[in-house]
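Trainee: Have a look at this one.
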Amino acid sequence: MENFCKFNISKRILLSLEKLGYKNPTEVQKEVIPLVLKNKDIIVQSETGSGKTASFGIPICEKIQIENNIIQSLVITPTRELCVQIKEDMSNIGRFKKVRCAAIFGKQTFSSQVRELKQRVHVVVGTPGRILDHMDRGTINLTEIKYLVIDEADEMMNMGFIEQVTNIINKLPEKRVTMLFSATMSEQVNLLCKKYMKEAITININSEKPITERIEDYYYIVEGKDKFDLLQKVIYKELPKSSIIFCNTRNNVDTLFNLLKDRGFSCISIHGGMLQEERLEAIRRFSRGEFTFLIATDIASRGIDIADITHVINYDMPFEKENYVHRIGRTGRAESNGKAISFLTPNQLRFLNEIEVYINRSVKLGEIPTIDEIEMGKKFFQGKSKNPIKLKREKNFELNKNISKIYINAGKKKKIRNIDIVGTISSIEGVNAEDIGIIDIQDNFSYVDILNGKASLVIEELKDRNMKGKKIRCEKAKK
Ligand code: AMP
C-alpha cells in the first residue's frame, strides 16, 4: 500500500496524519495532493465521505508559510456546520506545524470573529455571506490569498450564493491556486470554473467501492398517521447502532423527537430553529455516540461527517431528489456499509421512480417486520437502555492526547507578543520551541497550546517567572 510519505510532505504534517490514523491516502487524496503541491488549479467531482477535506487540507497546510502571519488560504463552504468541521480537520492536520485556522460564519458574533481575525491566522474557512461582511467592513485581509477552495460548489449554487461567491473571488489576488469541489457538475458550476480557473485539471473520483455496494436502499409505503408505528417496528427489526432520521420541518423534528424520547429511545434533535451553539453541540454529542438517533431536518444532510452511521431513515421523503442522495450519504462513509430506509406515502411512488432514475439503481421494497423481530428488538433496546453508554473516541483523540491549552493572565494590554511567550516558555529547562503550539493573545489574557505532554511542567515553572518584567498567573485552560 502506498502511504503519505511518497508525497514528500514535511514531517510535522506526516505526524498529524499518523496521529489521526490516516495510514494510506484515499483515491481523491492520491489525485489531488500532488497537483496542489504543484500549484495547479483543479476541479474535483467526488462523492461525500471520500476524504476530500484532507485532500486539500494536507497540501494547503504543507504550503502555508508559517512565519508569514497573514491569511494565505480561503475556503468557502455553504453551511456553518461544514465550516466548523473543515476548520477542525485543517487545524488537526496543521497542528504540529502550528497552522492556525479560523471559521467565520453567520449567527456568531461579529466582534469575536474580528478578534480572531486580528490574531495570526493562516487559513480562513467561511460561509459566503459572512466572508463578504468582513470584506466590506475591512476586518479581513485577503490580499495574500494563494490557495482558494470553493467547497460543495453545487450546493452553494443551489442555495443562491452564486453572486456572493463571485463577489468574493473578484476581490481576491489573481495569482492564486483555485480548487473547486462539487458532488455534481451543473451548468452554473461549469460557468464558475470557466470564469475563474486557469487550465484547470478535472478529476473525477469514483469510489473504490461504489455507493451501490456500500448503501442498500429500501422503502416502505405508509399513510402519514401510521408512520410512527412503522418507525418503531423498523427500528426493532433493524436494531440501528447509530441512525439519522430525517424530517422535512422543524415541527416534525420536534414532534418525532418527543415521541421517541417518551418511548425511551436515546435521541437528540437538530434543526435550523436552534441556536448555532446548540446545533453544533447536538452534532458533537451524537458523533461521540451519546445517542442512538439524531432526528434532523436537511441541515444535517450535507457534508456532515459522522463516523459509523448504520441507518439513514427518511421519515419524511425529501422534496428534491438531490437531497435524497445527500441524506443517504451520511451512511456508508469511508467505505463502510449502511442502509437507507424511506417512508413513502402512496402518492410518492412516482417520486421514488424519479429518484431511482437519478441514482441509477433500484430501491427495494422493505419487508414488514415480523412479530418475533419486533419482540426481540424491544428486548434489545430495553437491555441497551440499562447499560452504560460507551462513548466513541473523537477522531483527533490521539492527536490531542499530549496537547493541553494553558491560560496566562497577560495579553495585548500588557504588550505581550508571541515572541515573549515563546521566549519565556522555552527558557524552562526541558522545554523548547517545538513544544509550543498555537498561541492566542487576547486583550487581557492568552492561551497557549503546550505539546508533548509538557503542560504541567510549564504551568509549574511559570509560577516563578516574569513575563515582560511582570509576574504572571498561569493555569490549565478551562474548556
Ligand atoms: P471527508 O470526505 O473529508 O468528509 O472525510 C471523510 C472521513 O474520512 C473523515 O472522517 C476523515 O477524517 C476521514 N479520512 C480522510 N482521509 C483519510 C485517510 N487517508 N485515511 C483514513 N480516514 C480518512
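Backbone N, Cα and C atoms are what each Cβ position is placed from, and that goes for glycine too.
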Trainee: From the ranges 2-30, 118-146, 321-349, pick the one that TrEMBL records as motif 'Q motif'.
Mentor: 2-30
Trainee: Would you mind giving the whole-number mean pLDDT across the domain 'DEAD-box RNA helicase Q' (2-30)?
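Mentor: Value for the domain 'DEAD-box RNA helicase Q' (2-30), mean pLDDT as a whole number: 91.
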Trainee: Of the residues in the domain 'DEAD-box RNA helicase Q' (2-30), how many are helix, strand and coil by DSSP?
Mentor: 18 helix, 0 strand, 11 coil
Trainee: In the region 'Involved in 23S rRNA binding' (404-479), how many residues does DSSP assign to helix, to strand and to coil?
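Mentor: Breakdown, helix to coil: 23 helix, 23 strand, 30 coil.
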